[in-house]
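Just below is one structure, and these are the notes that go with it.
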């Protein structure tokens, strides 16, 4: 047992905490003031990207505050947030299912009382009050303690059924089906267990996509992931120097239906594109780009049919100067990732701008890195996959003839752009072979 604090140590700790409280309170009051609201809104507007310097500074502040919280918070509360964490998830599910955000959006500026919300949504007033108390303390919904009225705030507004980001679909799918999948995590990490969490929970040997299709859930999955891609596209398009590619053709390896490629080509009208994917997926992509009713029909001349290529990127990749891969490699373990990277490296057309841009999470610690850790566990439990850290990406690149030129953070996106260029040693070896 540690020795008790001396009077001097206790006084020093008390003085430090009092000074910290004064500083945090003063900073909070400044951020709440009318003079700072416009500045703060630049970080939180959902219609444009935040200022990159301010976002980075705010992220550093959040990490520091969280580290400070970890030093001060009682251990039993930390544990409670984990074994009672289901409460927050399911309260948010309830709010989405009842369409509380839509109801409040149609109300006047004064907002609505719990009784009014309950009448409009068909809820028990007392139970709704309990759910809203949890959510408002997590900064979801605004609450006036004097009038006892609720309004939407910048967080809850993201869940409106017509919001362009469609985050409400994530609450529905991940708060229910994926929530159930997580039950399989404890058993899945045992050494004797071969199946991953999704297979254990649903008692199947099918992969997630096959099982979801059999259950009729696949449209919800595509709708959710598609909405997430749209929500993250502005940062992905803005925060990497895509202009360097000019009028060259980008081959999106594992590019699916072409949503990412389309967003890139619409922003850079000189660029051309192509997709390499499985035959069934390419058939679907052809309809999207080359049928008059397809959403990417306007890009048909820049994505000709011959650039929609059916194949297997574990075996061979067509020769191009520029490749991209978005949310593909986290499905695979390291041996397969090395095979894929080597296939692309072997086919790369040499040039001063030749590259492979990988759009994946950069697994990291700290409060602002938590989405990468959530993603890592989701990949583990649904696909036996993983997210990777910068160190892991650099090691994989070095072992497959590449080097990491730079990693670009991307605003409002869960991915970074990991810019791979052919390694100097590999290029030299090829010249002398």
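Using N, Cα and C of the backbone, Cβ positions are placed for all residues, glycine too.
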311, 312, 313 show up in Swiss-Prot as binding S-adenosyl-L-methionine; which entry in 252, 277, 353, 365 does that record put in the same site? 277
Given the binding-site residues 277, 312, the candidate whose Cβ has the fewest other Cβ atoms within 10 Å is 312
For S-adenosyl-L-methionine, what surrounds 277, 311, 312, 313 with a Cβ no more than 8 Å from their Cβ centroid? 253, 254, 276, 278, 309, 310, 314, 315, 316, 317
Residue 313 (S-adenosyl-L-methionine binding site) has its Cβ surrounded, within 10 angstroms, by a count of other Cβ atoms equal to 22
Kindly assign residue 277 (S-adenosyl-L-methionine binding site) to one of the three DSSP-derived states: helix, strand or coil. strand
Let me make sure I understand the structure: which of the recorded positions listed (311, 330) has the fewest other Cβ atoms within 10 A of its Cβ? 311
Distance, residue 330 (active site, proton acceptor) to residue 311 (S-adenosyl-L-methionine binding site) (CA atoms, angstrom): 19
In angstrom units, rounded to an integer, how far apart are the Cα atoms of residue 277 (S-adenosyl-L-methionine binding site) and residue 330 (active site, proton acceptor)? 16
